[in-house]
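Novice: For reference, the structure I am asking about is given below.
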Amino acid sequence: MVQRLWVSRLLRHRKAQLLLVNLLTFGLEVCLAAGITYVPPLLLEVGVEEKFMTMVLGIGPVLGLVCVPLLGSASDHWRGRYGRRRPFIWALSLGILLSLFLIPRAGWLAGLLCPDPRPLELALLILGVGLLDFCGQVCFTPLEALLSDLFRDPDHCRQAYSVYAFMISLGGCLGYLLPAIDWDTSALAPYLGTQEECLFGLLTLIFLTCVAATLLVAEEAALGPTEPAEGLSAPSLSPHCCPCRARLAFRNLGALLPRLHQLCCRMPRTLRRLFVAELCSWMALMTFTLFYTDFVGEGLYQGVPRAEPGTEARRHYDEGVRMGSLGLFLQCAISLVFSLVMDRLVQRFGTRAVYLASVAAFPVAAGATCLSHSVAVVTASAALTGFTFSALQILPYTLASLYHREKQVFLPKYRGDTGGASSEDSLMTSFLPGPKPGAPFPNGHVGAGGSGLLPPPPALCGASACDVSVRVVVGEPTEARVVPGRGICLDLAILDSAFLLSQVAPSLFMGSIVQLSQSVTAYMVSAAGLGLVAIYFATQVVFDKSDLAKYSA
């Protein structure tokens, strides 16, 4: 009895809770990083054309952009014995587990269900890829909100998101490393099966372990029921009335969308410049990262993804994919190293020099990848892009913090910003609780890790709860419901949306470009070209007060 009580107290300790929550962060990033590496070659192997393969990769980001606001609003108003966040985390985790089962077994399931398995195999594989990408990226939203709920004190908030960023990086490293191993010749092959079955079986075990850790998270201890604002009559909902919850979530979403559209359209010029520069930089980097393994397998190793298993062409392609996975692992490792020293680099050279150097380094690395036929040079170039990855994770959000610390200087035309309404006039509705103020932004997404443990600027976590919110009045017409007010978190979320948008455009167009050019080198050429465009827009970013006079002239 005493031992059980001691274990219970140990698990409820703040550091233990921090580790338990961030275990899921680690598991999510392992699955997403391995998916980014392995899914494009897998789609090509089953006969999906290049242009359609890239479109499949865009399903998850597009659905994420649409569904994240609804999920954030629904999570904020959820009431249940397991808290507000974990039911959504578990539901999305089920989608991830289903995708990890479907992807390596699509052919086997199709053969069981119909005599002509090819169309069904493609459909099941696309369903699995879409589920993995969508559920994996969207699951970060309630997870980050859970961290914010549990660690409200500013100091604890910064520590929580430092550990969060580290687990993102660690998960990315492992996720990129696992596909680089030849599992067909490993000791696990007799038990788990082929390369795909071994890899996705391990991912399932890792992810199940990480999800199980959330069962021990004491969410209720840190999160009580949200009371309606004083003077407002919120509708009373039965804790088991799911239709009522759904109606409330949709109603709040309807109130949010017009307000968010208004806020985005009125984005100040300084933030707009930063958003465009970040979008172009992320588009270049994601074009490189999404299609790097396919480029190495087809372009560098001269393999053929659609060749029969066991043939020389297929063997070369598989070797190239494993070498590409190693290159992305090095990218993640270099990103982690630069994140750890980013603060010193900025203090030594300044934000402008470090940011421009990181953006300029990318087209150099991508250009070397296009021109060289050496595996060592191409792998080293992939590792160099980790510098760009690290800078994009951190510096744009530091600049946004600077803008908000000196609003009168950098954001003089912030119309309608009254500093927020009183608590008697508003009900807080969370929207897009992305990487929070007080931590390097991991962008989890999705795709890859590499934020590191850089101590964040104090101004980034000044509030007790690091969430993105807008104020919505309850029980009023739509026009009267919106209360003026715009904080740093909303602008950070808008900047963070550049990451999701950066995956959509390459997914739509890169396949067609490669088919027209008849060469996978077009992936790297396009990435280098986008990198050059990003350099131009990076030079237009406002880094200090002197830039305001220069760009307004």
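Every residue gets a Cβ built from N, Cα and C, even glycine.
Not measured: the values here are computed from a predicted model.
Among the features that Swiss-Prot reports, transmembrane segment is placed at 19-39, 52-72, 88-108, 120-140, 161-181, 198-218, 275-295, 323-343, 353-373, 382-402, 522-542.
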Novice: Per the definition of 3+ C-beta pairs under 8 A with sequence separation of 6 or more, do the transmembrane segment (323-343) and the transmembrane segment (88-108) touch?
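Specialist: No; fewer than 3 Cβ pairs under 8 Å.
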Novice: Hey, which of 88-108, 120-140, 198-218 has the most Cβ-Cβ pairs under 8 Å against the transmembrane segment (19-39)?
Specialist: 198-218
Novice: Counting only residues 6+ away from its ends, which parts of the chain sit with a Cβ under 8 Å from the transmembrane segment (88-108)?
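Specialist: For the transmembrane segment (88-108), the list is 24, 28, 31, 39, 42, 46, 71, 74-75, 78, 117, 121-122, 124-125, 127-132, 134-136, 138-139, 142-143, 146, 193-194, 196-197, 199-201, 203-204, 207-208, 211, 214.
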